[in-house]
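Visitor: Here it is, the structure in full.
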Amino acid sequence: MSETAMDRREFIRRCTRAGVCVAAAGSLGVAFYDSRAPAAIPGPTAALTLPDYSVGPLPGRICIARGVDRKRLVRQAFAALGGMQAFVNPGERVLLKVNAAFASPPGLGATTHPDLVKAVVRLCLEAGAKKVTVTDNPINDPASCFALSGIDAAARQAGADVIVPRQSLFQRFSLTGGRLVRDWPVLAAPLLQADRIIGLAPVKDHHRSGASMTLKNWYGLLGGRRNIFHQDVHTLIAELAVMIRPTVVVLDGTQSMITNGPTGGSLSDLKPTGTLIVSTDPVAADAAGAALLGKQAQDLPFIARAEKAGAGTTDYRALNLKEIKAI
Amino acid sequence: MRIITTRRISQTFFFLLFLWFCAVSTLGEQVWQLRGWPVGWLLELDPLVGLGTLLATGTLYAGLLWGLLTVVLTIFLGRVFCGWICPFGALHQAVGWLAGRKRSAAVQIAANRYRPAQRIKYVILIFLLSGAAGDFLAWLLDLSVESSIAVAGIAAASLACGIAAVRVRKAFWRRWTTVLVLLIIGWVGLGFLTDGSRLLAASLQTGLLDPLPLFYRSVNLTLLPLLDGRMAAFSSPGRLYPGSVAIGLLFWTVVLLNLVIPRFYCRFICPLGALLEILGRNALYRMGQKPDGCTACGACDRHCEGACDPSTTLRSAECVLCMNCLDRCPHDVMGYGLHPSAAGEMAGPDLSKREFTAALVSGVAAVPLLRLSGGVDANWNPAVIRPPGALDEANFLRRCIKCGQCMRVCPTNVIHPAGLQAGIEGIWTPVLNFRVGTSGCQRGCIACGQLCPTAAIRPIPLDERLGRGEFADRGPIRIGTAFVDRGRCLPWAMDRPCIVCQENCPVSPKAIFTREEFRPVRLSGDLRLREMVEDRLLFDGPALPAERFATGDYFVTLEESPDIAPVRIKDIGSGGISLAENPFVETASPGARITVRVKLQLPFVDPSACIGCGICEHECPVKGRRAIRVSAENASRDRQHRLLL
Ligand code: SF4
């Protein structure tokens, strides 16, 4: 009698256990059941939108300053446009997109000059910026680029942070209406943590696109195998012009790289052109800067394409143009 | 009917079914050839395939749901799959029986006794599964970072519990709360350490030793090709599989190990067996002794397939339900039922905590270590060309079980088991080798994806492959791009007309196009015009063998007539060179230099049209290292390999 009772209890215990196991396995199987094979192309990742950093609907402003000293040039040019406070409000976070593409010393002009970086950081801080960050996704090893170009030291000295790109700072981005920038990794983290963006670009010859100035400078916000875009570089630059609506750009043509661009590598590639352009319209800045390379805006197809895409105007004289001589 | 007769019938049935499935997995005209037979059914029935892909991908793909049937059967009845269904098990049992049938009882008993090493199969199972669980683990660890508030909450609560437990002074509770707290700390800590680690990844390697993929692979790639012959054409055409020797070696090793210990593979290695053991530990029905009557004669131990000591404490998880004991026991002591064995029973081998952890940790660590090679990353190998519809490499490695179904069914024998070119993880996964087989990858064929049991190669519709209909905007599936090796190409490098590749390009309009060039041929001396007689040029200089130069591909130009296009040589004989026409009469004078030119069509590849089918590579007459070769650039399965905008 007692034996049977034991057995029955044992039996029920086993049955329950088996039942629970079957139910667990069954529900796992059914829950994760997938009658369809995975998609050919993994679905689009979370949509990323980039803010518009430009200063409201004011008509574009541009200042062409002549001189040799970058620090003075940039101060006086900004002063002519109403001072940095016209672009940066107190408490805002500013991102400076420099051109740090190559691990090359500042004297060779392949990268944004550290003096310029320093001066603009100070201007921003004086205007009350809460935080100034400097970034770029260079072609050569990022850490070496920032160190050798002198940008890292200059930025830190002046009180800015430097963001050296890492995998985790990129996010996939699709430009609305874009053909090339589709589901492409973009250096998103610094962009999303900024209220204002200032582009700081040197004037350089560029064998493929004709010139590397403020528009081409946005290339450094792309990640991935971006050099595939060289197959259609002008369209790409025009798309970048739509993608980034900067607060203001600074085009540094105190020295211009006339030959052997965009890497240069010799002092003989440089020519003193004594010009610095500050503009709220990068298309206008590049159109004006083309002259420094002995070219005209219409020699550079990306300028026309950017204008057509609505990123700005090539007719920089029609803007509120100031021309000054730095003293 | 004796129960073991029933079992033998079942085993034979499934064994023959398996062979039938292997044999019919070939495209052809015969009624027996691939006519909707469920040729992968036995693979789908294998729950290790399902569990492995579930861990690696978070999904249970289509037919793999069949594995659930095996799971349920095992939970209720124990390892019926091993003893009654598994065709590989049947093979082992047969070989083991053949090898041991003449041995003395004592030797047989010794061979069939339980050995502690039987727990090795658990180590293998855990190692392989934890390798597949990399992504799941990454997700878990991410969770700890992403919702750190929740984690902090749990940690605080468990800490409170811990303090309370210490207060309660119950050793049991104290221990468990400590473990819990340590686990949470470890989880969160690891989460932060591995945050954003791209190396933590899943790789499905169960197929290396999972019996069904192993058996399918071995029969598909090393047995059927050998049996192919005049009597029975198992595959059209006869097969070659470079590198399959390792597959055969593994197969024969595990088969021949039965000569030493019967069912060696099942007892020591089989990860599926280990999984079913775990599932069947508490099976409702099990073998066991009835209370009285055992004389310890040893008849049961002698024939025990599972080596589970039925005469003493029965290790029920090891039992493969061969039921030999039930049949052989002269005293009718053994039974299959709900009662526990009267002589005592225990589930089976257990890993020590240390062994378990070692297997788990090494499995988890192995994949990141392998990924350091960069094979799915910056260091991807362009020689790894996967079949059309294959997923991108990382996802492919999460699914492929190396069963060889795709290689077996491929009508042109172009799909082969990889050696090391796809990395250690990619051993025996399908890669295309265009040198072998009847031609490249047929444009209108989608057979491999239909047979792949795990969708490592997606089952694509023909429209998708060809890029038409609803797939028109994506274009055809490209598996790679052909590149002309101008240093080896006959017209490019050796002044010989050829363009077999262009002729064979199946894409329309062709992806290979040509540009014409007239190149001067290399002669041993100068040719000078002596005299012109109508369309004939008499000349001084080295002889021009007609069999080479009068073929229609050779032309002449004359030094003094640079504006006159090359004129085709019609014939060469004692009378000199006969031309198709003679426009030189006006300008040429005796003594002018004659240049013989070969008309070459130089092949170029249009990368936007090329689908990488490799027919050009297969057909190229430069047979050693082909002068046009496909590499994985621009393959549609991975956008990172894109070549064009
Ligand atoms: S890809 Fe081939 S070998 Fe891999 S699982 Fe699919 S059919 Fe089997």
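Using N, Cα and C of the backbone, Cβ positions are placed for all residues, glycine too.
Owing to the predicted nature of the structure, the values given are computational and were not obtained by experimental measurement.
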Visitor: Pick from B:8-24, B:178-194: which range has transmembrane segment per TrEMBL?
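Guide: Residues B:178-194 are the ones TrEMBL records as transmembrane segment.
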Visitor: Same chain, outside the domain '4Fe-4S ferredoxin-type' (B:387-420) by at least 6, Cβ under 8 Å from its Cβ: which residues?
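Guide: Those are 22, 25-27, 34, 39-40, 43, 49, 52-53, 56-57, 61, 132, 135, 201-204, 206-208, 210, 212-213, 216-217, 220-221, 224, 235-237, 239-244, 246-247, 375-376, 380, 426-434, 436-442, 445-460, 464-465, 477, 479, 614, 618, 637-638, in sequence order.
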Visitor: What is the number of residues in the domain '4Fe-4S ferredoxin-type' (B:601-633) that are helix, strand and coil, as DSSP sees it?
Guide: 5 helix, 9 strand, 19 coil
Visitor: Are there residues at least six beyond either end of the transmembrane segment (B:178-194) with Cβ under 8 Å to its Cβ atoms? List them, or say none.
Guide: 138, 140-145, 148, 151, 154-155, 158-159, 161-162, 200
Visitor: With a Cβ cut-off under 8 Å, give me the same-chain residues at least six positions beyond the ends of the transmembrane segment (B:122-141) that come close to it.
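Guide: Counting only partners 6 or more residues beyond its ends, the transmembrane segment (B:122-141) has Cβ contacts under 8 Å with 48, 51-53, 55-58, 187, 190-191, 194-195, 197, 200-206, 208-209, 269, 271, 274-275, 277, 349, 351, 355-356, 358-364, 366-368, 398.
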